[in-house]
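Residues annotated as transmembrane segment in TrEMBL: 26-48, 60-78, 98-119, 139-163, 198-225, 237-260, 272-291. Residues or ranges marked as domain 'G-protein coupled receptors family 1 profile' by TrEMBL: 41-289.
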Amino acid sequence: PTAGNHTLLSAFVLSGLSSHSELQHLLFFMFCLVYTMTVIGNLLICMATVHPTLHMPMYFFLRVLSFLDISTASIVVPKMLASFLSEDRSISYTGCVTQLYCVIFLATSEWYLLAAMAYDRYVAVCNPLRYTVIMNTRVCLSLVLLSCCSGNVVSVVQTAWVFTLPFCGPRKINYFFCDVPPLILLSCTDTSLYEKQIIIATVLVIFTPFCLILVSYACIISSILKISSAESRYKTFSTCSSHLTVVTLYCTSGTLIYLRPKSGNSQDIKKVVALIYSTIIPTLNPLIYSLRNKEVREVLIRAVVVLMKK
């Protein structure tokens, strides 16, 4: 059906990762393994951080981050896995709207949560005597709620703006899930205004929290340098290194995807970066935090030993 010169789309078609039929089963098993590792790894983090010895704000935030990682992977990967085994790669208009909303909501919430985690580390290092007073339960819950509210506002606005665009011509999305850059490429109208607002949103979502994180770590590093013992300096910084690694991964991938939303010649590159962001990083986060955090590592090892004995 058509309305004027614009096609009224009831569904989109996702191109997926590869058009080579001989690779589909290999990709299915590979990403099925990645998804399984993501779910199991993050569930282990969630279970480990409820241990009595880990009842601290940083582990509460880590538990929320793991939940968001599972959710991000679950929004993207199952649909991608189904496309490997079926020639039907269509996604309904409603399904695309829902997927886009969830992806933006989760990504934005994670960014503001990472800023909250940086603030937590700042208080722990720079104001240790008042840490438990400042980072009380109400403050922690408020920071998580604020992160989710920010994610919801950004997601509602972005999703509404994208789907007010007239989509005409081919309904094939050169991506493996519904995201802003590939969707605006399908529009037959001038999208320069939309591209500018996406860049503004990217600055608000990525660089505003990133600046807060930088300020927090500038204060943290200043405090660490004042510690006389080299061993104490290393121990203090090691508690922050996992968080810095995750921030770097998120910042790099988010910037590459959204700062040039309609650069069509780089869509394949963006597809690879989006794959890393939505599937690989959620898998790496449990490894980063468990391998570099002694307390989490010890709790996980004890849990595995108990399970093996049973």
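Backbone N, Cα and C define each Cβ position, glycine as well.
On the 0 to 100 pLDDT scale, the domain 'G-protein coupled receptors family 1 profile' (41-289) averages 85 in this prediction. Contacts between the transmembrane segment (26-48) and the transmembrane segment (272-291): present, as 3 or more C-beta pairs lie under 8 angstroms, all at sequence separation of six or more.
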